[in-house]
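This report refers to the structure that appears directly beneath it.
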Amino acid sequence: MLQTDNLTAAQPQRIVAAQTASAQEELLERALRPKTLDDYIGQHKAKEQLAIFIQAAKKRGEALDHVLLFGPPGLGKTTLAHIIAKELGVNLRQTSGPVLERAGDLAALLTNLDPHDVLFIDEIHRLSPVVEEILYPALEDYRLDIMIGEGPAARSVKIDLPPFTLVGATTRAGMLTNPLRDRFGIVSRLEFYENRDLATIVSRSAQLLQLDMSEEGAEEIAKRSRGTPRIANRLLRRVRDFADVKNNGTIDGGIADAALSMLDVDVQGLDVMDRKFLEAVLHKFGGGPVGLDNVAAAIGESTDTIEDVIEPYLIQQGFLQRTPRGRMATERAYLHFGLPVEK
């Protein structure tokens, strides 16, 4: 039998991937995580809105309206959920959509909430339909409607819940059902970060890690971090390793540049995977337009990986366009690879 490559097999984590790579990285993220809105850097519009809504809820002595946070991974949705709970002065219970398999799983969480507590559900777009159905009355009326028993003996039991705030986070807002989306009173989209905000985040993390780093070093890391704080902090740790060996632990612009070049992260934050994708569109498909399935087959990646991991940053940075006819490389992509621009 012919052996074929398993394109869905687990692959090594990219250093510029926005997803959390390991439990160890998760622990370090928690240590570097800001605790208040004042400490939270960037996302100025979302932060300003949340500050007003939180103050208003506290002034009235009410639970904050349910909050939906959406945007690409690594931009601070989990951090904001923790900050919301801290600013409100209440407890936070955290779970994720895939974990809540049965209605009873959600019921157990909801019935253990104290008044005004925050329930944070990450990947809320992955809730099962059964769980989502019992969530509706909980969000609207602070009430659980649970069916007990089966067949003719089945009966509905209503359980009153304390007022609470659901904070849902998702990278795929389009996958939320309309009834669920409509039950969020506050909806905030998190955007990719500006380099100046990322440089501030890198400098703050360096201080917490007690690193000797110049302003130029922070800026060099920031501009290659793909607009994502999680990536910036990961690159900072790898640059720290390089500096410990090559420069007695001091991180300046030159050391940061040398370290990141060694890691194949170029000045635009593109890594080998990004360049492979763009080169396929440019060289194998004449710059496009090309269908997603075709380019996925050409580079040996799943369409989900391309849509969720590779494309968002390339589109945001103007290297790629999505058109009704397929993906197309932009003028900036041609120039980045030193190619003549197609007219």
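Each position is counted from 1, following the chain as shown.
Every residue gets a Cβ built from N, Cα and C, even glycine.
What Swiss-Prot says about this protein:
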type    : residues                                                                                 : note
BINDING : Leu32, Arg33, Gly74, Lys77, Thr78, Thr79, Glu140, Asp141, Tyr142, Arg183, Tyr193, Arg230 : ATP binding site
BINDING : Thr78                                                                                    : Mg(2+) binding site
BINDING : Arg322, Arg327                                                                           : DNA binding site
REGION  : 4-193                                                                                    : region 'Large ATPase domain (RuvB-L)'
REGION  : 194-264                                                                                  : region 'Small ATPAse domain (RuvB-S)'
REGION  : 267-343                                                                                  : region 'Head domain (RuvB-H)'
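Mapped onto this structure are the features recorded in Swiss-Prot.
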residue : record           : DSSP class
Leu32   : ATP binding site : helix
Gly74   : ATP binding site : coil
Glu140  : ATP binding site : helix
Tyr193  : ATP binding site : coil
Arg322  : DNA binding site : strand
Arg327  : DNA binding site : strand
Proximal residue to Arg322 (DNA binding site) among binding-site residues Gly74, Thr78, Tyr142 (C-alpha distance):
Gly74
Whose Cβ, among the binding-site residues Thr78, Tyr142, has more other Cβ atoms within 10 Å than any of the rest?
Thr78
When the number of other CB atoms within 10 A of each residue's CB is tallied over all shown chains, which of the binding-site residues Arg322, Arg327 has the maximum?
Arg327
How many whole Å apart are the CA atoms of Glu140 (ATP binding site) and Arg327 (DNA binding site)?
41
What whole-number value in Å do you get for the largest C-alpha pair distance within Leu32, Arg33, Gly74, Lys77, Thr78, Thr79, Glu140, Asp141, Tyr142, Arg183, Tyr193, Arg230, the residues recorded as binding ATP?
37
Can you tell me how many other Cβ atoms are located within 10 Å of the Cβ belonging to Tyr193 (ATP binding site)?
25
Using DSSP, how many residues of the region 'Head domain (RuvB-H)' (267-343) fall into helix, strand and coil, respectively?
41 helix, 9 strand, 27 coil
Distance check, please: Cα of Thr78 (ATP binding site) against Cα of Arg327 (DNA binding site), rounded to an integer number of angstrom.
32
How many whole Å apart are the CA atoms of Gly74 (ATP binding site) and Arg327 (DNA binding site)?
25
Say we define neighbours as other CB atoms within 10 Å of the CB. Which of the binding-site residues Leu32, Gly74, Glu140 has the fewest?
Glu140
